[in-house]
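What follows is a single structure, written as structure tokens, with notes after it.
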Amino acid sequence: QSSNGPVKKSMREKAVERRNINKEHNSNFKAGYIPIDEDRLHKTGLRGRKGNLAICVIVLLFILAVINLIITLVIWAVIRIGPNGCDSMEFHESGLLRFKQVSDMGVIHPLYKSTVGGRRNEDLVITGNNQPIVFQQGTTKLSVEKDKTSITSDIGMEFVDPRTQNTLFSTDYETHEFHLPNGVKILNVQKASTERITSNATSDLNIKVDGRAIVRGNEGVFITGKTIEFRMGGNMELKAENSIILNGTVMVSPSRLPSSSYGEQFNNGNWLRFKLCMCADGTLFKVQVTGYNMGCQTPVNPCGATH
């Protein structure tokens, strides 16, 4: 190589050099192999935290798919939804839910002011498995049991004919008079507050209680009728601030009045006995008993005009 440039090789030197290069290339099996460190290469795919997150997402999707499959099977087996719709119920645009076959349900939470009814020409049958059927909305509860049906409400109740919108029965004393529906003969209540209780002119009014009956009126109690009869197993107590007036024929059965035995003495000082007597106008008075077969004679006639 000179200062003027590279030295030109002859044809023979070029051929020898080419032959040596081909010979070396043919005997080199590692030609084209370049050892490179793997850490310096560009990594592809999800590794580390991204890989763990991807696995969690896949597992979550699998769980959701299983839950969706279970819900689909339940809907298909219980509600019976098919290509033609639902076999057991119908949904209407007005919000009506209609059951087309016998349904087994536990607790139902209806919406506000919901209505439960049946078809016009078919009976609505609701059966409880050894349990009462309870309809409850707020504080109002309707319980249908085997031997009784009870309605409990703190705000009152009202039965309305859905076709005519006429009030058949209501506990609103201010706007409706308390009438029993047709066919109802007995009203069983724990406590009743009303202005008056009457019966038909051709039927009797019977008030029966198992324990104690208290009749109280803020402006007085008036009991009228063709025949008034009180039957009781215990005591009868009449209280009044001013007076008690028994107008008419009053009959007192002496079978329930206490009587003394023949062995007791009337004037032994331990007992005071009085006899209940009545005037012709219904005035009652008492006379102290001092002997057997004693009448109602008194020194002063209590049935006079002055009394």
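A Cβ is built for glycine as well, from the same backbone N, Cα and C atoms used for every other residue.
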Feature region 'Disordered' in TrEMBL, mapped to one of the ranges 1-21, 127-147, 148-168: 1-21
Composition by DSSP (helix, strand, coil) of residues within the compositional bias 'Basic and acidic residues' (10-21): 11 helix, 0 strand, 1 coil
